[in-house]
Amino acid sequence: MKIAVEGCCHGELDKIYETIQFLEKKENTKVELLLCCGDFQAVRNEGDMKCMAVPVKYRQMQTFYKYYSGEKKAPILTIFIGGNHEASNYLQELPYGGWVAPNIYYMGYAGVVKYRGVRIGGISGIFKSHDYRKGHFERLPYGKDTVRSAYHVRSIEVFKLKQLKEPMDIFLSHDWPRSIYHYGNKKQLLKKKDFFRQEVEDNTLGSPAASELLLHIQPSYWFSAHLHVKFAAFMQHQTNVDGEIPKATKFLALDKCLPRREFLQIVDVEHDSAKSECLEYDLEWLSVLKATKDLLNITPNTWNMPENNGLHSRWDFSASEETKREVVSDLGHDLKIPCNFSMTTACYDPNNPQYKRVATHIVNPQTTEFCARLGLVDLNAKICQNEEENFDIAEDNEADSIGSAEDPGEYSTDTSVLSTSVNPDEITLEDDDDQEDEGMEDKLGEPSPEYTPDLSINLSKIRVLPDSMAVSSDDATDSTNDELDRSESSQTEGEGKPSNRPLKRISDENGSGGVKIKRRNQAIYQAKDDEDE
C-alpha cells in the first residue's frame, strides 16, 4: 500500500494534495493514505487563529476552512497528530481523536487506529519537562503561557502507550525521539543544520518521552517533523529474550511544506488486502483507555504514574481479554470508526471576515458519543463542568465572606501563570513578538495563490545505514531517563525557566550572521528561491 508521509503541514492542504496528485500521475501509482506529522493547523475561523501560538503578523487562514465547511473534500484519507502550532481549542474538543473535517482524522493527545490491517499509533505535541507531569488543565481563553502548554506532551499519554504489547507498524510524533540522530548520517544532518551540533553532541536534541516510546513500542516505521529537515535513520533494537529476532525501526523526518523542500515522501507498507478500507479503532488501545479511565488529572498539579514501587495497588494497565470483550460489546461488535463529523462552530467567510471573533468553549458531539459508548470521561467537558462548579462555589464564598479582612485581589485564580511554557524550539515567536503584537489589529492573510507542485520531490527509499553509524542504545536510554526524572523535580527548581538551547531558525540556517526570520506566507510561493540553505 502506498502511503504519503508529510512533515509540517502549516495549513497548506491544497498544496499537499496537489503534490500527491502530481506524483500519482508521474509515477502511475495510487496513494491510499496521507499521514501528517504535526503543525497541521486545523483553523476554522478567526477565533481559532487566535488560539495558535504564533504572533498576529504570521497568522494566515490558509485552506483548511474549505475542507471543514464542505467546500472541498480531502481526496485521500488523511490522519494527523498535533504539533506546536495548532488551533489548540479545536483539537482540545477531541482529546481521544475524531474527524476535524470529512475524511480528515485527528489522533487525539495520543491514539492508535488501523487502516487495511496497518496499525498506526501517534502522540501529539512536543516535550517540555516543566509541563510533562501535569494534567491537561488548559482552558479558554488561553493565556500567554497556556496557549503554549496546551500542546505539551503529558506523561499520562506516554504511560498509556507503554501499556501496549501488540506489534506496531507505524508511529507518528512531531518532535524527534532523542538520540535517533546517532542511528543516521549525523555528518550530513549537521551539514544542513549546523546549529544542532551542540545539542547532538550533548545528546539533548529531541524528546526523551518519544525516545522512551521508541524503545518500548519498536514500530517498523517512525515518522516525525518539527526540525524542518529530512533525515533518515535505521535503529536495530535489542532483545532480552533468547532466540527472539530483534526488531528494527526505520525512522524518517521530513521538512515543512515549501517549494524545493523535502516535505513529502511516498512509502510502501505491507497491508492486508482483505481488510476493509474504512478506518478502524484499535481494540488493544481502546482497552487501555478503558482500563486507565480513572487516571484523570485536569489540574496544573504534578502527578506521577503508577509504578511497581510499593506505593500503588495497581501499575499494570495493559489490555486484558476481559476488557477487550467489554470493548467489543460496547461497540456492538463493530470497530469501524463512525463517519460522524459535524461542524461545531461557524466557518471563515472570506467575503465577510469577522476580525473580532473569539473562540468559545465547545463540547464536541463526537467525543460525547465516544465516551458514552466506552464509559470514558470527556476531559474537555470535565474542565467546563469544574469551572461552572468553581464559579458557583466562588459566588457562595463571596456571599459568606462579607466583612472579611482578606482582599480577594491578592489571590490570583488564573492558572496560566503556573506554567511558564517558553519554547525555544518554536518557529516564530517569543516575548519580543508578543510585545510587538500588542495594540496591533488582527489581520487575516488571504490564502496563498495557486501553487505549482515541486517537480524535484525525492521518492527514494528510506536509507538503511551501516551498523558503524549506530551507537549503543544504552547511552541513549541513560540520557532519556535522566531528563524524564528531572521533569519531576523541575517544578521546585524554577518552573518554566527557558532553556539555553539555541533557537530554531527559520532561514539563514547555515548559522552565519544574526537570526533572520522570514514569513512562510504567500510571498514565499510567489518569487522565492530556496530558503537560504
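Heads up, the Cβ atoms here are built off N, Cα and C, so glycines get one too.
Under 8 Å, Cβ to Cβ, and six or more positions away along its own chain, C8 (divalent metal cation 1 binding site) finds C37, G38, D39, G83, H85, A225, H226, H228, L254, D255, K256, C257, F263. Here Swiss-Prot flags C8, H10, H228 as divalent metal cation 1 binding site.
Classification of D39 (divalent metal cation 2 binding site) by DSSP places it in coil, neither helical nor stranded. Swiss-Prot lists D39, N84, H174, H226 with the feature divalent metal cation 2 binding site.
Annotated compositional bias 'Polar residues' per Swiss-Prot: 412-423, in sequence order.
The compositional bias 'Acidic residues' annotation in Swiss-Prot covers 427-440.
Mapped onto DSSP helix, strand and coil, the region 'Lariat recognition loop' (124-154) counts 8 helix, 2 strand, 21 coil. What Swiss-Prot records for 124-154 is region 'Lariat recognition loop', and it gives similarity to another entry as the kind of evidence.
According to Swiss-Prot, the feature region 'Disordered' maps to 392-454 (among others).
Summarising the annotation, Swiss-Prot assigns region 'Disordered' to 468-533 (among others).
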Problem set entry | Between H174 (divalent metal cation 2 binding site) and H10 (divalent metal cation 1 binding site), the C-alpha gap once rounded to whole angstrom | 13
For this session: Specify the secondary structure state of N84 (divalent metal cation 2 binding site) as given by DSSP, simplified to three classes.
Result: coil
For this session: Between the Cα atoms of N84 (divalent metal cation 2 binding site) and H10 (divalent metal cation 1 binding site), find the distance and write it as a whole number of Å.
Result: 10
Seminar exercise, completed: One finds that other Cβ atoms within 10 Å of the Cβ of H174 (divalent metal cation 2 binding site) number exactly 32
For this session: Let me know the DSSP-derived helix, strand or coil state of H10 (divalent metal cation 1 binding site), please.
Result: coil
Exercise. Apart from D39, N84, H174, H226, which residues in this chain have a Cβ no more than 8 Å from the mean position of the Cβ atoms of those residues at the divalent metal cation 2 site?
Worked result: C8, C37, G38, G82, G83, H85, G125, I126, Y151, D175, A225
